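Engineer: Per TrEMBL, the features are:
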{"type": "BINDING", "residues": "Gly355, Thr356, Gly357, Lys358, Thr359", "note": "ATP binding site"}
{"type": "DOMAIN", "residues": "6-83", "note": "domain 'ATP-dependent RecD2 DNA helicase OB-fold'"}
{"type": "DOMAIN", "residues": "146-237", "note": "domain 'ATP-dependent RecD2 DNA helicase-like helix-hairpin-helix'"}
{"type": "DOMAIN", "residues": "578-643", "note": "domain 'ATP-dependent RecD2 DNA helicase SH3'"}
{"type": "DOMAIN", "residues": "663-710", "note": "domain 'UvrD-like helicase C-terminal'"}
Amino acid sequence: MADKLYFVGTIEAIFFSNPANFYKVLLLAITDTNADFKDDEIVVNGIIGDVVEGDSYKFFGELTNHPKYGEQLKVTTYEKDVPTSGAGLVKYLYSEHFPGIGKKTAEKIVATFPEDTIDHILETPEHLSGILSSEKLAAFVKRLSENHGMEKILSKLAKYELPSKLNFQIYDLYKEATLDVIKENPYQLVFDIKGIGFKKADKIAEDEGISATSDARIQAGLIHTVLTHSLESGDTYIEARDLLNQTIDLLESARNVEILADQVAEMINVLLAEGKLQAIGTKLFENSLYFAEDDIYQRLDKLTNSKVTKLAQDKFETIIGDVEAKLEIRYDSLQKEAIYKALTHQFFILTGGPGTGKTTVIKGIVQAYANLNHLDLNPDNYTDDVFPIVQLAPTGRAARRMNELTGLPAATIHRQLGLNSDDLEDDFGNDLSGSLLIVDEFSMVDTWLANKLFAAILPSMTVIFVGDADQLPSVGPGQVFADLLKIPDFATVRLDKIFRQGEGSTITNLAHDIKNGQLPADFTDKKADRSYIESKAVNIPNYIEQIASAWMKRGNDPFDLQVLIPMYKGVAGINQVNKSLQNLFNPLADRLEFLFQDTIFRQDDKVLHLVNEASLDVFNGDIGVITDLVPAKYTESKQDEIVMSFDGNEVSYPRAEWYKITLAYAMSIHKSQGSEFPSVIVPMVASYHRMLERNLLYTAITRAKQSLILLGEGQSFQTAVSRQGANRKTYLVERFGLTTTSDQTATRSEASPVKETVIETVIIDKTAFKEVVSDQATSDKLAVESIGQDAKAAPYVLTMENVLMIDPMIGMTAEDVAVFSKS
Ligand SMILES: Nc1ncnc2c1ncn2[C@@H]1O[C@H](COP(=O)(O)OP(=O)(O)OP(=O)(O)O)[C@@H](O)[C@H]1O
């Protein structure tokens with residue numbers, strides 16, 4: 001095999017350094033190389049740790065040819081270049097790098113370890129205790145490992161083929177212990193390093209010869225499964241039995257091995273005992289979701305008990321009269337009830353479908369609240385004081401719409417709380433200020449974000465949540481809004497009368513029909529504001545192109561036409577439609593374009609922001625336009641950059657951050673939540689199969705304000721309407737001591753709230769269980785009848801409650817349970 005290509009030299013200058021991902025571009029004065037390279041300097045780039053200008057390093061990598069700058073070295077690994085033996089090494093050790101080491105000491109050190117000197121010092125420094133005092137030795141080893149440890153460790157980490165950025169994160173956390181951690185328990189990385197999931201850790205473990213049945217592997221598999229399940233299903237917990245089975249599937253398929261259920265059950269108990277997993281009965285929770293749900297409950301519980309303010313009916317009528325005069329509207333009785341409840345309760349929830357007057361009621365609440373509390377609603381008059389009304393929404397677009405409709409300031413939850421990214425774990429968030437908080441589009445708020453929001457609410461605040469519970473639930477786990485609506489202790493109003501109807505909108509009526517589970521008889525008829533075109537999946541892009549082309553010919557703004565699709569992939573998927581609409585609306589012509597993965601970006605393209613970036617004031621779901629493409633040679637980042645405008649807010653991203661954007665001619669229905677568009681095209685075909693659900697279709701069509709074109713297969717629309725979609729499994733309602741009985745209500749159960757009842761999970765060895773019960777048929781029957789578990793499954797997962805139910809039938813005591821319980 002050919003020798004690896006290397007360049008040795010002194011760093012002359014560091015041109016660019018990105019602290020976030022360790023990407024660097026530097027200039028090296030070459031002293032040695034095995035490459036056929038004529039110049040005496042070379043530009044080196046790649047993921048490189050803390051290097052020092054003026055010091056010498058050896059860089060390994062490959063030569064690449066940059067069209068403008070010529071040949072460069074793209075680094076794979078590197079190490080500090082130091083003499084490895086003899087006089088050169090002695091000189092290095094008593095250089096300015098190691099204060100306190102004189103020439104004599106340096107000679108003694110090299111004499112102690114004549115071969116691989118630096119490695120030996122780092123591995124067994126105690127051999128130098130006769131040469132250096134313990135203090136001096138510690139300082140020397142620290143210096144040496146700072147100078148050499150990192151490169152050595154990183155070069156060893158390279159064999160695991162992780163992205164370099166992760167290698168640096170790993171080193172940053174474990175420092176000198178890095179290689180030991182990885183050798184002994186690479187699964188620790190799953191717990192400690194974001195971006196390392198079970199599969200990556202498992203691959204390392206396999207390379208290190210760690211057994212596929214090790215306890216550490218099973219624990220990591222469990223933690224991986226419990227979180228993945230919540231992220232994929234939206235549930236905040238998983239049933240112990242499902243966790244057991246899914247983890248076994250994962251562990252067995254990732255490495256060809258048989259995993260025993262008993263061992264997995266035992267590891268569940270270990271994780272529970274160590275607090276790395278939480279349980280309520282047989283429901284098992286990933287830690288952050290358990291504590292977020294519990295904190296929400298604790299805070300809500302206080303609001304439930306908050307006092308009701310008295311407001312005499314005649315006084316209220318006077319206020320409403322004033323408000324109606326000011327806003328030139330007459331509220332109907334349910335809307336008035338909403339305003340009354342909002343004024344008299346500390347916590348109030350308003351829900352309703354499109355056009356039922358939610359915004360109109362919010363405006364009324366704000367006016368009436370200001371009236372009642374003698375507040376000035378002009379924000380400009382609050383230069384020194386805090387404006388008392390806080391309006392928030394989960395997306396930038398929804399916040400802007402709130403601001404436009406009410407004329408008062410509105411912000412995203414992330415921005416107001418100072419949460420900088422989607423990763424909420426490390427963000428603490430600011431407290432809110434003001435006296436009345438209104439949060440719109442609350443159905444989009446997941447359990448983690450709701451928890452951060454509740455934590456920021458001052459005890460004195462009046463809180464109003466507004467949303468449409470029939471829309472899609474939040475992207476992240478939980479269904480906080482739908483759950484809150486089930487709790488009878490909270491003051492709620494469900495608006496159901498459609499006011500937009502009088503304005504000739506048939507879209508709103510269609511939305512309400514779909515919400516109620518039916519397609520109206522005139523579904524395919526052409527109306528003033530909506531139409532239907534029958535089409536097979538393969539023809540969808542073609543039809544959309546024809547509609548879009550006619551749209552343009554009529555002189556309409558391409559940005560006002562939005563295609564909403566459930567899926568990215570496939571012939572009728574978002575990616576395909578984006579390509580064809582980009583060619584129509586914004587063709588190549590004779591100009592620059594950038595290619596990123598499969599997507600081409602051009603100036604004037606419509607783009608969608610995919611993550612929350614509060615520091616730049618751009619958010620998940622924001623739509624913008626590309627205003628400029630800047631080639632790397634003109635940018636500070638030395639990378640190509642895309643400049644965009646999101647409603648006038650200019651943002652520029654270097655290539656490394658382009659994963660945060662995509663084309664937006666077509667976008668996912670999930671990402672469209674919280675936004676509205678003048679004209680919307682919604683295709684529905686059988687190839688979207690498992691996505692076809694009622695709240696998905698409902699969310700899509702309620703985005704259309706003026707016109708709607710439905711496109712696809714009639715049967716697929718029918719399927720979507722008839723599939724109600726499973727309710728997410730969450731435990732928020734039950735924490736109030738309630739039992740969910742239907743979609744919309746919950747009743748007070750006999751049991752007291754969970755905080756007072758500790759229900760223990762017991763995982764029981766099946767064989768031992770049968771021994772106690774003695775008779776196989778009885779034990780199987782009992783298992784099925786009393787715990788609803790398949791008698792073939794092993795082990796049994798029971799709660800103490802179940803055990804006590806079994807108790808009278810088989811004469812078993814709590815002590816007996818303890819004998820065969822694995823915990
Ligand atoms: N009491 C009322 N009398 C007359 N018109 C009303 C009344 N309430 C609401 N409207 C009108 O109905 C239309 C829809 O109201 P509004 O925008 O407040 O509903 P919404 O529930 O916020 O709708 P969406 O969720 O679709 O934005 C508006 O034009 C509004 O002026």
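In case you wondered, yes, glycine gets a Cβ from its N, Cα and C as well.
Unlike curated entries, TrEMBL annotations are predicted automatically.
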Engineer: Of Thr356, Thr359, which of the binding-site residues has the most Cβ neighbours inside 10 Å?
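Structural biologist: Counting every other Cβ within 10 Å of each candidate, the maximum falls on Thr356.
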Engineer: So how many other Cβ atoms are close to Gly355 (ATP binding site), meaning within 10 Å of its Cβ?
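Structural biologist: A count of 23.
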Engineer: Short question: most Cβ pairs under 8 Å with the domain 'ATP-dependent RecD2 DNA helicase-like helix-hairpin-helix' (146-237), which of 6-83, 578-643, 663-710?
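Structural biologist: Comparing 6-83, 578-643, 663-710: 6-83 has the most Cβ pairs near the domain 'ATP-dependent RecD2 DNA helicase-like helix-hairpin-helix' (146-237).
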Engineer: Note the mean pLDDT of the domain 'ATP-dependent RecD2 DNA helicase-like helix-hairpin-helix' (146-237), expressed as a whole number.
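Structural biologist: A mean pLDDT of 86 is what the model gives the domain 'ATP-dependent RecD2 DNA helicase-like helix-hairpin-helix' (146-237).
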Engineer: List the same-chain residues at least 6 positions away in sequence whose Cβ sits under 8 Å from the Cβ of Gly357 (ATP binding site), in sequence order, or say none.
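Structural biologist: Residues satisfying the criterion: Tyr331, Gln335, Leu495, Lys497, Phe499.
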Engineer: For Lys358 (ATP binding site), what is the tally of other C-beta atoms lying within 10 angstroms of its C-beta?
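Structural biologist: Other Cβ atoms found within 10 Å: 22.
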Engineer: Translate the DSSP assignment of Gly357 (ATP binding site) into the three-state scheme.
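Structural biologist: In the DSSP reduction, Gly357 (ATP binding site) maps to coil.
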Engineer: Mind tallying the domain 'UvrD-like helicase C-terminal' (663-710) by DSSP state, helix then strand then coil?
Structural biologist: 18 helix, 19 strand, 11 coil
